[in-house]
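Database features (Swiss-Prot):
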type     : residues                                                                                               : note
SIGNAL   : 1-23                                                                                                   : signal peptide
DISULFID : CYS66-CYS79                                                                                            : disulfide bond
CARBOHYD : ASN67                                                                                                  : N-linked glycosylation site
CARBOHYD : ASN82                                                                                                  : N-linked glycosylation site
ACT_SITE : SER171                                                                                                 : active site, nucleophile
ACT_SITE : ASP195                                                                                                 : active site, charge relay system
DISULFID : CYS254-CYS274                                                                                          : disulfide bond
ACT_SITE : HIS276                                                                                                 : active site, charge relay system
DISULFID : CYS299-CYS318                                                                                          : disulfide bond
DISULFID : CYS310-CYS313                                                                                          : disulfide bond
BINDING  : LYS327, MET328, ARG329, LYS330, LYS331, ARG332, ASN333, SER334, LYS335, MET336, TYR337, LEU338, LYS339 : heparin binding site
DOMAIN   : 349-484                                                                                                : domain 'PLAT'
CARBOHYD : ASN395                                                                                                 : N-linked glycosylation site
DISULFID : CYS465-CYS485                                                                                          : disulfide bond
Amino acid sequence: MRDPVFLLGFWSLYCCFPAGSLTTLRPQGSLRDEHHKPTGVPVTITTKPSVTFNIRTSKDPEHEGCNLSLGDSKLLENCGFNMTAKTFFIIHGWTMSGMFESWLHKLVSALQTREKEANVVVVDWLPLAHQLYIDAVSNTRVVGRRVAGMLNWLQEKGEFSLGDVHLIGYSLGAHVAGYAGNFVKGTVGRITGLDPAGPMFEGVDINRRLSPDDADFVDVLHTYTLSFGLSIGIRMPVGHIDIYPNGGDFQPGCGFNDVMGSFAYGTISEMVKCEHERAVHLFVDSLVNQDKPSFAFQCTDPNRFKRGICLSCRKNRCNNIGYNAKKMRKKRNSKMYLKTRAGMPFRVYHYQLKVHMFSYKNSGDIQPDLYITLYGSNADSQNLPLEIVEKIELNATNTFLVYTEEYLGDLFKIRLTWEGVSSSWYNLWNEFRSYLSQPSSPSRELHIRRIRVKSGETQRKVAFCVQDPMKNSISPGQELWFYKCQNDCRVKN
C-alpha cells in the first residue's frame, strides 16, 4: 500500500470492468462448501499456499521470531508457545510492496506490552496477498482455512482454549479472520476487524465476508468507508458493534483539506493509506494509552450523531473502542460513532448542547454562524463552531455536538458568539432598502435564555442561564454569556 498506484489498483476494479461485472468477481464459493472451486476468476494459488505462523518473542522489529508448523509439537515448545495464555493472531491485508508495513511492528509491540504473557502470532500470507486485488480476494478463503487448521490443531493439545483467541485482521485480513472463525471447530473468542476491505465484499452473503457469526464477539472499526464514490473500507455493519470514527470517512490529519494538492503532487496514495490505516492506529492507541480511552456512542446514522442527539450511555449505548471494547451481543448490529484527534492519543471529549431559540419577529429561514466557548475548572475550550446539520428551528430546542481535545473539568460559564456583520450595520442596511421600497430581509435576531450541556464521557448534565434575563437577544457581531442556573444546575434532558 506504500506504492503510488495503490488507489489506482482499486480504481481498476471499477474502470477496467463493465458495469455490473464486479458482482461476478466476488469471493467464490460458500464457506461451508469446502470443495467448491472458484470459476471465472484468475486465481494464483499453489497446492500448498504460502502461509506461515510467526510467533513474535521480541519487541525488536528486526527479530525474525519463530515459525510454528502445524503438527510439530516439539517446535511449538521450542518457540515458547504458552498453551494457557491469551493468543493473538495478527492478519495483514493486501499488499502492493510484498513487505510488512510499519503498523504491524507497532501493533505487535503494543500487544506484548499490554499482555506480557500472551502469544502474539503474525499470520504471514504475503505471497498470496502480493497479487492483483481480485486474486488476493480469492486467496482470503484459503488463508482463512489455514488459520482455522492451526487453531484446530492447537485445540487438540487440551489446554488450549478458543475462548482465549483474538483474531485481529486489517483490510483483507479482517475477512481472512472471518473465514477462519467460520471454518474452525468451535467458536473463537473475539475477532477485531480493522477497516475491513470493501470492494468485492460489500453486500455479499455473510458466509463470504466477516460477520457476527464468526466469533463470540466481533468488533469493527470503519475509517475509510467513502471517498469519491469508491469505498475502500466496507460501509455496511459486519460485527456485533461497528464503530465509525469521524463518521467513518475523512479522518483528521489525513489531508482532506488538501485533496486536490494530493492529486497534483501524486501523494493521493499516502492520503488513502492514512485513512485506511487509521483503524490500526486507533487500536494501538487503545493498548498504549489506557488512561485515555476513547468512547463511541450508539446512533442510527452519522447525521444524528453530528446533531448531538446520540450521547447516551443508557442500556449499553456507549462503549470503549479498540482493545478495551466491552462485549456486546445483540440480535442487531450496533452502529457507533465518535470524534477523534488527528494523532495519538486520539481521545476527545464530547458535549451535547441543547439550545432553545425563539424570535419575536419573523426571522425567516435563518442560518446563524454561531460559536461557543466553554469555560471549565481545568481549562477553557477554543472558540468552537456549532455545526448546523439541518436548518435552525425557531421557537424550538436545537441540539448541537461540540468536542474538545483536552479535559475541561467542571463547566461554570459559556460564551455564545454570532459571527458576522454587527446588528447596527445590518439594521442600517435594512432601513436603506426600505427607503428604496425594496422588501426587507428577515430579522436576524434570536433570543436564547438557557443552554443545557451534557458531557458524553461523564454523562453529567448542567443548565446555564443567560447572565441578564432581560438581555437575552443576540444578532450578528454580538455575544451572550451564560452561567450555571441557580435553581436548575443539574437537569434531566
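Each residue, glycine too, has its Cβ placed from N, Cα and C.
What Swiss-Prot annotates, mapped onto the structure for a quick look.
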residue : record                           : Cβ within 10 Å
ASN67   : N-linked glycosylation site      : 15
CYS79   : disulfide bond                   : 19
ASN82   : N-linked glycosylation site      : 14
HIS276  : active site, charge relay system : 25
CYS299  : disulfide bond                   : 22
CYS310  : disulfide bond                   : 25
CYS318  : disulfide bond                   : 21
LYS327  : heparin binding site             : 12
ASN333  : heparin binding site             : 17
LYS335  : heparin binding site             : 23
Site with most surrounding Cβ atoms, counting all protein chains shown within 10 Å, from the recorded positions SER171, TYR337, CYS485: SER171
ASN395 (N-linked glycosylation site) and CYS465 (disulfide bond), distance between Cα atoms, whole Å: 17
ASP195 (active site, charge relay system): tally of other CB atoms within 10 A of its CB: 28
Average model confidence [pLDDT] within the domain 'PLAT' (349-484): 85
Chain-internal residues, separated by at least six, CB under 8 A from CYS274 (disulfide bond): GLN251, GLY253, CYS254, GLY255
Whole-number Å value for how far ASN67 (N-linked glycosylation site) lies from CYS79 (disulfide bond) (Cα to Cα): 8
Same chain, 6+ residues apart, C-beta under 8 Å of the C-beta of CYS313 (disulfide bond), given in sequence order: PHE297, GLY456, GLN459
Cβ-Cβ neighbours of LYS339 (heparin binding site) (radius 10 Å): 23
DSSP state at CYS318 (disulfide bond), helix/strand/coil: strand
Cβ packing number for ASN395 (N-linked glycosylation site), 10 Å threshold: 11
Reduced DSSP assignment, HIS276 (active site, charge relay system): helix
Distance, ASN82 (N-linked glycosylation site) to CYS66 (disulfide bond) (CA atoms, angstrom): 13
